[in-house]
């Protein structure tokens with residue numbers, strides 16, 4: 001038993017030793033962990049201390065920078081007082097809380113504006129704070145503008161854009177000689193009120209008792225008679241603003257606010273209404289020379305689809321830069337294409353859908369917009385106006401186009417003004433200045449519109465995740481619906497414009513170099529060359545005319561090919577007369593296939609005429625020459641096929657005279673269709689007009705009803721029917737002194753010769769030369785009418 005107990009005791013001792021060893025190891029491991037934690041804590045403390053030191057250093061640097069900025073601001077404010085507001089005896093203003101020299105009264109501008117505004121608004125205490133905070137914001141805007149001008153004068157431009165803008169640390173040289181400052185003062189625009197005359201007529205009828213009240217009850221809501229309607233509608237009223245050189249300005253406002261109207265007036269593109277006010281370039285009125293400084297890019301891209309990018313710009317360069325050589329024009333065009341990012345698309349076609357339905361592959365929508373910008377930049381303008389440059393483009397192409405415009409302001413010093421509606425935030429922050437037009441009045445112009453709106457009302461703060469453009473339009477809507485707020489906003493801007501902005505108008509000298517106008521002959525040559533290129537490249541339309549001419553010739557030849565094979569008798573003579581009638585009728589209807597072409601070309605012409613690239617007359621002559629030449633080949637094919645198959649009077653003289661008659665008829669029809677398309681302006685109206693005219697022409701052409709059989713009441717109509725003169729000329733050529741074969745008795749011989757048939761048709765006293773002469777007069781008439789329609793009707797009205 002003792003042995004067993006001793007053994008157990010030994011076992012217990014062994015276990016206790018093992019436990020002691022384990023405890024010792026645990027203690028060591030814990031000690032190691034504690035040491036590691038201590039080391040890591042020490043390292044963290046050291047890092048925190050280093051971070052604190054860095055933060056302190058950054059704070060010190062920021063404080064130093066703020067102090068420097070405050071000093072610079074104070075210096076600038078002193079400069080503003082001395083430069084913009086010179087000392088005057090008893091009337092002098094200061095910016096915000098800045099005072100003048102001790103010798104003069106210290107009048108605060110914000111206090112001056114507040115006192116003026118208190119006469120207009122009973123709630124002056126609240127509005128005064130808003131106005132004063134708005135003035136403070138405007139001071140910041142002037143400081144920013146002054147800083148940008150200082151940076152420009154040093155020949156460098158530092159583009160550091162935040163809040164969605166691109167970062168660009170490159171220093172770019174600016175050509176300040178290109179840019180100009182544009183100021184517009186008290187711009188007013190009025191148009192005639194159509195309802196004024198309507199109301200006047202109704203009131204006159206009511207006074208005379210010729211109309212009852214019950215008859216006009218349906219019109220009372222649309223045309224009130226209880227108040228006098230103004231004779232003119234005011235679209236813009238006393239709009240003033242300033243655009244500095246090298247700025248990219250956004251002209252914003254709700255739909256119908258007048259922003260597009262203001263843009264058209266600034267771009268000298270308004271063709272209707274009454275415009276008053278002044279537009280100054282570097283503080284000077286320069287009259288017609290203003291056109292030399294600006295270019296305009298329309299919302300729609302209208303180009304010739306078959307032209308290349310280079311040819312499109314070359315066309316503008318040839319007509320706008322007459323003093324340049326071809327080599328200089330080539331260099332200018334390639335530089336412009338490089339500026340707009342199209343240097344790799346030099347020989348690419350514009351592309352689009354041709355009038356015949358053929359699709360020409362070409363540029364994308366954004367690239368076409370850049371071509372429009374390139375055409376405007378060919379003349380190296382100082383001002384570039386764009387109407388909705390992002391309209392119809394996706395977000396990516398819109399951003400690309402706007403970045404191109406931004407680069408132009410930096411690289412070339414070009415001043416860019418765009419009318420925009422709701423740009424995306426990335427585009428909004430690209431603009432250096434924002435102008436807001438509301439109900440035909442200017443309510444803001446500056447670089448910090450969001451701060452300005454918040455200064456007007458504390459509720460006008462843009463949420464961080466909201467598009468600033470959407471926010472601005474929402475605020476504009478609220479201001480419009482609040483008459484007192486709208487009146488206060490407009491008055492505040494007008495007072496600020498008068499006292500703060502207007503004195504900063506530049507007086508820099510202007511070097512006006514008005515280029516010579518291109519001569520008519522050169523304009524004709526350039527337009528004719530482009531028309532020829534388009535004609536050659538659009539082969540579908542021309543070949544379709546050729547195919548139709550061949551089919552008409554073969555079809556008529558198949559139907560009348562056996563006539564007169566054994567000699568022409570009186571029955572076959574009537575068939576040949578029917579052949580002549582159908583040929584002339586076909587030649588009258590064949591130009592209808594080109595109506596869509598004529599209308600589409602008219603759209604291009606209107607766009608180019610609005611830009612005053614060329615005079616309409618040389619353009620018209622150049623484009624009509626192509627129609628004259630192509631028409632001859634169509635008539636030549638039809639006449640030759642019929643003369644070779646149908647047994648007509650064969651002689652070279654008869655063939656040539658017949659060809660002339662058919663060609664004159666076809667040419668008159670072509671010019672008639674062109675005249676109708678120029679007057680109507682649309683494909684549908686042109687078809688309607690031409691169809692009505694053709695029915696009358698065919699009916700009185702002299703075949704269906706001989707002119708001797710027409711009643712006296714409307715028998716004169718054949719005298720104004722050019723188809724009649726064509727039909728009479730061809731009948732005289734074929735039948736005069738031509739012997740017919742008489743039938744065997746008892747069938748009477750009605751026409752023993754062609755003279756009898758000519759007499760039956762009432763053409764006894766007609767001569768070939770007389771018919772051709774009158775036909776020539778009709779061709780000249782339609783030619784002149786086509787030009788008048790091009791020149792006077794369906795102009796681009798803006």
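Each residue, glycine too, has its Cβ placed from N, Cα and C.
In Swiss-Prot, the feature transmembrane segment is placed on 656-676, out of the ranges 656-676, 740-760.
Averaged over the domain 'ABC transporter' (211-464), the predicted model has a pLDDT of 85. Per DSSP, the compositional bias 'Low complexity' (42-51) is made up of 10 helix, 0 strand, 0 coil. Highest Cβ pair count under 8 Å relative to the transmembrane segment (628-648), across stretches 540-560, 579-599, 687-707: 540-560. Apart from 253, 254, 255, 256, 257, 258, 259, 260, the residues listed for ATP, the same chain places the Cβ atoms of 261, 437 within 8 Å of the centroid of those Cβ atoms.
Residue environment of residue 255 (ATP binding site) contains 8 other Cβ atoms, counted within 10 Å of its Cβ in all protein chains.
The most densely surrounded of the binding-site residues 254, 256, 258 is 258 (count of other Cβ atoms within 10 A of its Cβ). Less than 8 angstroms from the CB of residue 253 (ATP binding site) sit 259, 436, 437, 438, 476, each of them six or more residues away in the same chain. Under the three-state DSSP scheme, residue 254 (ATP binding site) falls in the coil class. Around the Cβ of residue 257 (ATP binding site), the number of neighbouring Cβ atoms within 10 Å comes to 23.
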